[in-house]
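Visitor: If you scroll down you'll find the structure; I have some questions about it.
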Amino acid sequence: MEDDTPDVSSDSNGDAAYSDYFLDYKSIMDEITITTQPKSGYVIRNKPLRLQCRANHATKIRYKCSSKWIDDSRIEKLIGTDSTSGVGYIDASVDISRIDVDTSGHVDAFQCQCYASGDDDQDVVASDVATVHLAYMRKHFLKSPVAQRVQEGTTLQLPCQAPESDPKAELTWYKDGVVVQPDANVIRASDGSLIMSAARLSDSGNYTCEATNVANSRKTDPVEVQIYVDGGWSEWSPWIGTCHVDCPLLRQHAHRIRDPHDVLPHQRRTRTCNNPAPLNDGEYCKGEEEMTRSCKVPCKLDGGWSSWSDWSACSSSCHRYRTRACTVPPPMNGGQPCFGDDLMTQECPAQLCTADSSRIVISDTAVYGSVASIFIVASFILAILAMFCCKRGNSKKSKPLKPQKMNSEKAGGIYYSEPPGVRRLLLEHQHGTLLGEKISSCSQYFEPPPLPHSTTLRSGKSAFSGYSSTRNAGSRAALIQECSSSSSGSGGKRTMLRTSSSNCSDDDNYATLYDYMEDKSVLGLDTSQNIVAAQIDSNGARLSLSKSGARLIVPELAVEGEKMLYLAVSDTLTDQPHLKPIESALSPVIVIGQCDVSMSAHDNILRRPVVVSFRHCASTFPRDNWQFTLYADEGSGWQKAVTIGEENLNTNMFVQFEQPGKKNDGFGWCHVMTYSLARLMLAGHPRRNSLSAAKRVHLAVFGPTEMSAYRRPFELRVYCVPETGAAMESVWKQEDGSRLLCESNDFILNEKGNLCICIEDVIPGFSCDGPEVVEISETQHRFVAQNGLHCSLKFRPKEINGSQFSTRVIVYQKASSTEPMVMEVSNEPELYDATSEEREKGSVCVEFRLPFGVKDELARLLDMPNESHSDWRGLAKKLHYDRYLQFFASFPDCSPTSLLLDLWEASSSGSARAVPDLLQTLRVMGRPDAVMVLERFLSAFPQIVSP
């Protein structure tokens, strides 16, 4: 019988056989798992990145970053039990600082992991890898917006490219501090630019681009976007005015009227510049606002004779004549012409004709022949004397002159010590023969003939000067005119040359004393002008007449070899071009020329443009109502060279005005870039008839120099002259021997309105010996068009011993909103002590703000155009030189950037921050390469001396 009892042993063996097919739930529940992984992130300056790791069933967690274990003391641990599952866990966190990343020494990314384990460290679980980045943002934007002024309806793009950063920065645009919301017209481009497809007036404002990431937030400088609207004319109004005329009455009185057209009826019509009106300094409508036409008058008028003119002078045949014209009135509408002769001749009266004409002619011929004979004999004698003087002078050349110490007052300002690199040319009118006893030369006196218009400066090294390279007495130069053989027989006034040997440069041509000739017909320019000259080579130079308000910059490589160039200033009316009645001169005549007789006056020696700077008297702030015109004479007479705002491809000069508000006396200067030697003058007229333009004038009060002069009747002279510098220099020469008691700058004078000078608060002991209010009518002051406008104020002392004088002079203009100018006048030396001995001192400097190598390196970087306009065009806009950009690109042999830097050199004269400001401009443009060039230069030369 079989036993049905199960075999336990066999069952046990069977369970063992199937044990591998069942899970060990207990071991699975106790397995270490990481539930919170450390996350990648950024370290921000002083803010570390916190890495967090959580593991279940673990007893400890450690961190390993870039193959190095983190010290356990830095790890914050938290042990707990999950309230839901009841599973135990450990939470560990650590702060990764910038120092950890910087000191890791790994070239690759900084990576961290956490490791969870039990007590026996047999089961270790690693987390995911977390990468730690250094968050940063560079300072400078790769592309920055630039100020723009565009017409309404045009497309406008403001570029912006964030600085180099990690993580990538987000860009936000602001307008007047408010975030710009994109719409159908305002588009945000993928490169960060802000595009306005059709600019609207409401889009005008200050725009800023902001770049933001976790590390920082940076903004560009605000740039102004100005949307302007050019004006447009409305329709013409109907003709206004009646054409009725009483013909019988007109015929009755026609003979009394010089021109009947003055009384004939006219019709008038107008239009308005409001379709649309100009906005945001948009261009005003071109053309006339008003139109008139003469009425067609049916009246028939017969011609009538005018009165006979005065008798002419008697001719050589003892006859004289007089004329009349058929103009009172002229015949109209088929009227009869005048009958009779319009010319009458008769013999001169007996007392005016005592001999027959043939005898007079014979007598004149005899006189002329005698004079010619005497002139020939005198010339022969003078030639012999000149040869004798030359031989005598040559025998004394071996004995060099010893420089003598002279009192500056006695020397008349001849000797000046200058720092190295500065060479001064003295051009003062000397009445004495200061050095005449020391110099003996056959070329000390010569007579230049009258010549054509072109004026040059003959240096001591030219022919006919008797210059010797071994001569120690210095060089000589004189203003003369180049002449042809056909004019060599003409006469001219004698020019005296004197030389100086003290405190001069090694190059004799840098220090020369000029005596002015008194006959302007010899020079072509008034000899009262101020002038400075220098021998210039390829290194260039700066010539300056500071008190006359004129400067000349000759850049490097502007001339080949060595050339003597000069800068002169004249405010004489006869030197100015002929202006239209509505135009007014706004500057003196500025002359740049060559002192080389071997060159033709029409040959251009310049290889690149030079920059001429001068002061003007136009008032352009707060309202600029002037339309400026630059007149130039390049050898063929005065012509309009530039009408500001109307430049075209034929414009060969560039004119730049300083912006209002510029420091260092920069406002009121005009800079002209020209490729030729020329005479220049700035003129202007109101933009339209309905506007009134104003000038800036200089007020000055002169009085006696000696205190004893105030013990007897005396007078004060109040001058009102243009604020150009040269005008005041002319006043100084006119007031030679007087004393400046008080002066004031930038008084605004309108063309219309009488000028009044009022005396107040005269000190007790003196009385006004005349009217207390002097009024100069507008027809007399003529908008200070004439030189030296002034009035005299007379005073009388009441006491014999009184000499201390003071009063108050108030200057104002009727019908003007300008504030009256109050001038406190006193003769106390400690209050205001200035005399006419302060004269112009021309100076020459060979130093520039930037060396040629630095400018050449900047030119190589900025000449290459790019799409963002952060090239030379962007630099021109930043410097406000972008009114006529084509000028800078019109010279094939010249870099546009170098031309801009030449103009910047002239504009920044006297500014101590010129180079740092240029550095900041390049930085705002987003040109770190150009910034590096200037920073390297500034680090090598930290102290930039402003020329």
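Using N, Cα and C of the backbone, Cβ positions are placed for all residues, glycine too.
Worth saying up front: this structure is predicted, and the values here are computed from it rather than measured.
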Visitor: From Tyr207, Tyr415, Tyr510, Tyr710, name the one Swiss-Prot lists as phosphotyrosine.
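Guide: Checked Swiss-Prot: the phosphotyrosine annotation sits on Tyr510.
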Visitor: Pick from Cys285, Cys295, Cys299: the cysteine that Swiss-Prot pairs with Cys243 in a disulfide bond.
Guide: Cys295
Visitor: Please report the number of other Cβ atoms within 10 Å of the Cβ of Cys247 (disulfide bond).
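Guide: Other Cβ atoms within 10 Å of Cys247 (disulfide bond): 13.
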Visitor: For Cys53, Cys112, Cys160, Cys285, Cys295, listed as disulfide-bonded residues, tell me which one has the smallest number of other Cβ atoms within 10 Å.
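Guide: Least crowded of the disulfide-bonded residues Cys53, Cys112, Cys160, Cys285, Cys295, by Cβ count within 10 Å, is Cys295.
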Visitor: Taking the Cβ of Cys273 (disulfide bond) as centre, how many other Cβ atoms lie within 10 Å?
Guide: 20
Visitor: If you count other CB atoms within 10 A of each CB, which of Cys209, Cys243, Cys299 wins among these disulfide-bonded residues?
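Guide: Selected residue: Cys209.
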Visitor: Hey, does DSSP put Cys112 (disulfide bond) in a helix, a strand, or just coil?
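Guide: Assignment for Cys112 (disulfide bond) reads strand.
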Visitor: When DSSP is mapped onto helix/strand/coil, what comes out for Cys53 (disulfide bond)?
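Guide: DSSP call for Cys53 (disulfide bond): strand.
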Visitor: Please compute the mean pLDDT of the model over the domain 'ZU5' (530-658).
Guide: 87
Visitor: State the three-class DSSP label for Cys247 (disulfide bond), counting H, G and I as helix, E and B as strand, and everything else as coil.
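Guide: Note: Cys247 (disulfide bond) is helical by DSSP.
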Visitor: Tell me which of the disulfide-bonded residues Cys160, Cys273, Cys295, Cys299 ends up closest to Cys53 (disulfide bond) in space, Cα to Cα.
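Guide: Considering only the listed disulfide-bonded residues, the nearest one is Cys160.
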